[in-house]
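Here is the structure we will look at.
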Amino acid sequence: MSTPGEYYRSLPPVSKTYGVACLMTTAAFYLDLYNPESIALFYDNVFKRFQIWRLITNFFFLGPFSFPFAFRLIIIAKYGVSLERGPFDQRTADFVWMFFFGALSLLVSDAVPALWSPFMGVSLVFMIVYIWGREFPNARISIYGLVSLKGFYLPWAMLALDLIFGNPLKPDILGIVAGHIYYFLTVLHPLAGGKYVFKTPRFVYILFLFGIIGGSPAATTGEQQQGNAAEGVAFRGRSYRLDSDTHTNAST
């Protein structure tokens, strides 16, 4: 059995970094090191007072210490790590771009007054759940040991749980929309015969080259990136498609 330190060191870089950042943000809140309003997304402050950090910091606050907060961290540690080690194995730069794209999509939706939320971290986490469910549709999921279902239905089951527990549904729905847009552009459209044009931008690779993002980008060579585009497949590795009968075991 591995120790907590060994488990932490074994985690892939992107999921580990995001999970730790969310944990530290909430811990700092309880230590009265900042006011949550100072990191929340208010577009008036972004554009009129040039508080650009709000575009980023709002994604790191998952709420106060509570069962929902712990559950969201577990999602990052379980399903984020599963994606990073599976379909995105040796493709860290592409996994980072998935986070960037999800964040950008949510920032655009947040500009609509009816969809605005001061913190979009919950939506970003839910996007991870949706993409995992599409990439592992036949994985067996156990919800609290009471209900067993396929991975494809996991985001909808979690949406139902939030409805039962009285949690807001808007962040979940926005995460589903952002995840579906990403999955459509990177998988469904190319598989339907469309041209794959959703390449990871060069600036993401530059972040690796200058050491701003840790880990190995792996798919940073032009040959492999062009190969992905030519094949029209964004997700590669130990993943299962909708028409696959293979399944893995997982629990929530």
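Placed from the backbone N, Cα and C atoms, the Cβ positions cover glycine too.
No curator has checked TrEMBL annotations; they are predicted automatically.
Per TrEMBL, the feature transmembrane segment maps to 17-34, 55-76, 96-129, 141-161, 173-191, 203-220.
Outside the transmembrane segment (96-129) by six or more residues, the chain places 14, 18, 22, 36-37, 40-43, 55-56, 58-63, 72, 75-76, 79-80, 83, 88, 154-155, 158, 170-172, 174-179, 181-182, 200-201, 204, 207, 213 with a CB less than 8 A from a CB of the stretch. Using a Cβ-Cβ cut-off under 8 Å and counting only residues 6 or more beyond its ends in the same chain, the transmembrane segment (55-76) has close neighbours at 15, 18-19, 21-23, 25-26, 29-30, 36, 39-41, 46, 103, 106-107, 118-122, 124-125, 128-129, 165, 167, 252.
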